[in-house]
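Q: Just lifted these from Swiss-Prot, have a look:
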- 1-21: transmembrane segment (TRANSMEM)
- 34-54: transmembrane segment (TRANSMEM)
- 72-92: transmembrane segment (TRANSMEM)
- Gly76, Thr79: Na(+) binding site (BINDING)
- 101-121: transmembrane segment (TRANSMEM)
Amino acid sequence: MFATFGFIALFAVLGAWARYGQTLLVQAAFGRGFPWATLSINVLGCFLMGFLFFETLERISVSPELRTGMLTGGLGAYTTFSTFSLETLVLFENGEAVKGLLYMFTSLFLCVGAAFAGAWISHST
């Protein structure tokens, strides 16, 4: 259990650094007019989550502690959108398309709505 926490902490630091570094690079290249940095992080993070989840499950032998550190710590710090995408993918792969669609649209509506609500509360205080 302590090894798992250690790997999560280590990879979380690396994931956060990667996110910050990529944000600086993308914003320097494309500016801040559109959230290209966040979009690129979310897309790459989702790709890596899907890829590493199955690679470390089916092809590459790594300890469960290291796997959890990479996926939960590293990609969790890099982007939480990758976890949402993996959970949606798993629902579809398990033949639960209706549940997957419900989860996708509910998450999008609630999360964007929560962001708007937080902004509204912040602006009104």
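Cβ atoms are placed via backbone N, Cα and C, with glycine included.
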Q: Quick one: do the transmembrane segment (1-21) and the transmembrane segment (101-121) have at least 3 Cβ pairs under 8 Å, skipping pairs fewer than 6 apart in sequence?
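A: Between the transmembrane segment (101-121) and the transmembrane segment (1-21), which are separate recorded stretches, there is no contact, as judged by 3 or more close Cβ pairs.
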Q: If one looks at the chain holding Gly76 (Na(+) binding site), which residues at least 6 apart in sequence have a CB under 8 angstroms from its CB?
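A: Spatial neighbours, sequence-distant, of Gly76 (Na(+) binding site): Ala12, Gly15, Ser82, Thr83.
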Q: Counting only residues 6 or more past its boundaries, what in the same chain has a CB within less than 8 Å of a CB in the transmembrane segment (34-54)?
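A: Contacts of the transmembrane segment (34-54) (Cβ under 8 Å, skipping residues fewer than 6 from its ends): 19, 22-23, 26-27, 70-71, 75, 78-79, 81-83, 85-86, 89.
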Q: Excluding the flanking five residues on each side, which residues at least 6 beyond the ends of the transmembrane segment (72-92) place their CB within less than 8 Å of a CB in that stretch?
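A: Sequence-distant neighbours of the transmembrane segment (72-92): 7-16, 18-19, 41-42, 45-46, 48-50, 52-53, 99-100, 103-104, 107.
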Q: List the same-chain residues at least 6 positions away in sequence whose Cβ sits under 8 Å from the Cβ of Thr79 (Na(+) binding site), in sequence order, or say none.
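A: Non-local contacts for Thr79 (Na(+) binding site): Arg19, Ile41, Asn42, Gly45, Cys46.
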